[in-house]
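A.B. asks: Right, I'll just put the structure down here and ask away after.
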């Protein structure tokens, strides 16, 4: 009987189930979108029950369409939108409020108060993160402070907190396992990434009772089994968990110190494996846990770019410059340069290394001769410049010089962008055959735990390159272009 690993990829807008075979190839997949709730400007919420329903639906669809029986599943891996926060009743398993999504800014005031009280340095030291509404801790506090009776129930031990991975493991196991993995715990603002424990001082700062928190476990081990009625009568091991960006780093087989990947989605997330040491950042990066496996924990430096693929969508939908995102490459290639035009797509502020949420988008160097092609090319180039900003910060913090950059996500199909990325970084850019690296990473973590794959060396041998982009631009030219970008950033920051 052929066996497979089932990966559950729970994202910000949809849930997916993907079946992988022994070679790490996709056998079949199913996807289902769910509702985004915007109760107030800047707030983003999901219905956690609807997310659970979407997961059950994609599991059923994927298995039936692939004609795979539940007993053929060797293990389940879970990867998830990180930081998104669910608080539910321990007895009924019902959420007491919507899931507060990572993008949601509804806890910005709580963050300002904590900063004013002087907690920033302590938080930075213990968690590797900044005090920001992005992370889970302030979201839990908000729910306890704003939902009637919640704080009392929490203090009585009747409520549980989890990021989406915890919520799904809880539901799949029928409430038997309340766990999370190191990678997800490291995004909560409540976990000490050095001693690998929930931190009493951080919990006190956020007034979150410890009894609510899940047990933190390695990213690759059997956490529990599915209960019969959720999985067509089968008890399948739930065996791998990692946050989406860390799962992508694992799926790209970036196991060595100094290896890095960049995911070009709505935004960009770049992670560099720093091995078994947590490198503190002096340049606006986050220090995070990549994964815990075989009794060891790997750390990573992470940079976030807020606008990447969404800039291409903006050209298509907002500016109506083309009908299909793939056309952006055709237009950009029609001109030899942007003719001095720079686009800074700071639609929601700037991420790493600037962390400026007040600044807005801008365009520079426009003349009467500027065409649509120049504008499209400049927008695409901005993704590469922002990635270079992050890489410069990573190299400065880690003291490691990048040898190659592995890439994944929607925008990597754009050959113009990948070639320009390689030129501006002056390192080769490698695009893998399997672009679904997030789901693949979760599958690998689960497969290792159940013995489906032997070790990381076997996984490394399965990573195959689709295309390698080599830098050919003169150093002088790329330095000049990047200097122009830095000037554009400074000018953008001045205009608020």
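For all residues, glycine too, the Cβ spot is worked out from N, Cα and C.
Note that this is a predicted model, so its numbers are computed, not measured.
As annotated by Swiss-Prot, ADP binding site applies to 12, 16, 266, 309, 410, 414, with the evidence given as sequence analysis. Residues annotated as ATP binding site in Swiss-Prot, with sequence analysis given as evidence: 12, 13, 14, 266, 309, 313, 410. Summarising the annotation, Swiss-Prot assigns sn-glycerol 3-phosphate binding site to 12, 82, 83, 134, 244. What Swiss-Prot lists as glycerol binding site is 82, 83, 134, 244, 245. For 230, the entry in Swiss-Prot reads phosphohistidine.
Quick one: how deep are these features, and who are their neighbours?
C.D. replies: Just so you know, the Cβ of residue 414 (ADP binding site) picks up 21 other Cβ atoms within 10 Å once every protein chain is counted. DSSP classifies residue 414 (ADP binding site) as coil under the three-state reduction.
Non-local contacts of residue 14 (ATP binding site) by the CB criterion (under 8 A, 6+ apart in sequence, same chain) comprise 31, 32, 33, 34, 54.
A sphere of 10 angstroms centred on the C-beta of residue 12 (ADP binding site) encloses 19 other C-beta atoms. Residue 12 (ADP binding site) falls outside any helix or strand according to DSSP and counts as coil.
DSSP gives residue 245 (glycerol binding site) a helix state. The Cβ of residue 245 (glycerol binding site) has 24 other Cβ atoms within 10 Å, all protein chains considered.
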A.B. asks: Could you check which of the binding-site residues 13, 83, 134, 244, 313 is the closest Cα neighbour of residue 266 (ADP binding site)?
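C.D. replies: Of the binding-site residues 13, 83, 134, 244, 313, 313 has its Cα closest to that of residue 266 (ADP binding site).
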A.B. asks: Among the binding-site residues 309, 410, whose Cβ has the fewest other Cβ atoms within 10 Å?
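C.D. replies: Taking 309, 410 as the binding-site residues, the minimal 10 Å Cβ count falls on 410.
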A.B. asks: Are there binding-site residues among 245, 309, 313 that sit within 10 Å of residue 82 (sn-glycerol 3-phosphate binding site), Cα to Cα? If so, list them; otherwise say none.
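C.D. replies: The binding-site residues close to residue 82 (sn-glycerol 3-phosphate binding site) (Cα within 10 Å), listed in sequence order, are 245.
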A.B. asks: Between any two of 12, 82, 83, 134, 244, the residues recorded as binding sn-glycerol 3-phosphate, what is the biggest Cα to Cα distance in Å?
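C.D. replies: It comes out at 15 Å between the most distant Cα atoms.
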A.B. asks: Can you tell me the CA-to-CA distance separating residue 414 (ADP binding site) and residue 313 (ATP binding site), as a whole number of Å?
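C.D. replies: Cα to Cα, residue 414 (ADP binding site) and residue 313 (ATP binding site) are separated by 14 Å.
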A.B. asks: How big is the glycerol site in terms of the longest C-alpha to C-alpha distance among 82, 83, 134, 244, 245, in angstrom?
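C.D. replies: That value is 15 Å for the farthest Cα pair.
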A.B. asks: Which whole-number value in Å describes the distance between the Cα atoms of residue 410 (ADP binding site) and residue 134 (sn-glycerol 3-phosphate binding site)?
C.D. replies: 23
